[in-house]
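Beneath this line is the structure, given in structure tokens, with notes to follow.
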């Protein structure tokens, strides 16, 4: 990697790989309880570095490279959606996934849109990271907003000829680019700077699969990705009884982590959780990584109750999660207020509009009422559980 980016003809000093770089420390700090610890100062440093460090390369992600020339226009669900993402590498050799702005903050997803054709939103990725941290899950990779100069920080540093070929100047003299795929190879699908600057989210890369292997597991509550038809969980209210009899949901904390993920997705309005990933190192009781949250925060005026099906059908929840939700429902620690304050630190503030922030409070009450209904039906001891795993060490500092 060092040799690849070393420019022998440059008068600048050669780039040095620092073992104390924030992204290296982020990777080293991953443990069985989360992607980072509560007290780690590394996250703030990593967010700062992703926001300010110059880029030294830009390229398509591996999944988009695999789809080049393999896109099937006959499919209802397009192979890579309608969202363009790029891998940016910084001067400290850290990498981040860049997702450019596709939708204005005050635009709501049309009610007639299916979840699998919805836009992916850069601000949703940023807000999801902040919410995940507030809930003390720590399962979303650090994500920050940045104004990127698409000419200097993408076009001029990429070595990918295909990526270079999709840049053009619009009639309004703005620099634009689009995804190279048969169904998207049109200028109307492009994203454009103003004239060069473009908003986007930057999500820190996880360690490579060679160093930290991960499993990709189908979500038991996966949705149907067709225009008709329903999955079993949508028509069978006793579906969870079947799931509980299947490994690994019959003996580990996996089901409780699925419920955590469902609560998180309900709060952000994300219906597109078809898979989840886990580090193999931590075994069956490891945490679920909450990746790809860009389809959240689409409709603040609608609460998709079906996302909560793992909670309402299984009627179990971690005690720690329940306590956090109860705290964030109190006036002094109201979720919308905590989110609003947290998002002020981002360069692209305001990240969320006020209706989206207020929707978090409304949805939180719905989650708590669902738990109360479970307790009334099954008893608190059968609903609230600490789980089979060891509890996380330390206690959150509520005042901070």
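Each residue, glycine too, has its Cβ placed from N, Cα and C.
Automated prediction, rather than curation, is the source of TrEMBL annotations.
Straight from TrEMBL, the features:
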BINDING   99, 203, 204, 205, 206, 277, 292  ATP binding site
DOMAIN    167-384  domain 'FAM20 C-terminal'
ACT_SITE  272  active site
BINDING   292  Mn(2+) binding site
REGION    381-400  region 'Disordered'
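Feature map: annotations from TrEMBL on the structure.
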{"residue": "203", "record": "ATP binding site", "Cβ contacts under 8 Å, 6 or more apart": "96, 97, 99, 125, 129, 141, 142, 143"}
{"residue": "204", "record": "ATP binding site", "Cβ contacts under 8 Å, 6 or more apart": "23, 26, 46, 50, 94, 95, 96, 141, 142, 143"}
{"residue": "205", "record": "ATP binding site", "Cβ contacts under 8 Å, 6 or more apart": "23, 87, 94, 95, 96, 97, 141"}
{"residue": "206", "record": "ATP binding site", "Cβ contacts under 8 Å, 6 or more apart": "27, 30, 35, 141, 212, 214, 289"}
{"residue": "277", "record": "ATP binding site", "Cβ contacts under 8 Å, 6 or more apart": "214, 215, 216, 217, 288, 289, 291"}
{"residue": "292", "record": "ATP binding site", "Cβ contacts under 8 Å, 6 or more apart": "272"}
- line: Smallest number of other CB atoms within 10 Å: among the recorded positions 99, 272, that is 272
Message: Averaging the per-residue pLDDT over the domain 'FAM20 C-terminal' (167-384), what integer do you get?
response: 92
Statement: The largest Cα to Cα distance in Å among the residues 99, 203, 204, 205, 206, 277, 292, listed in the record as binding ATP, is 20
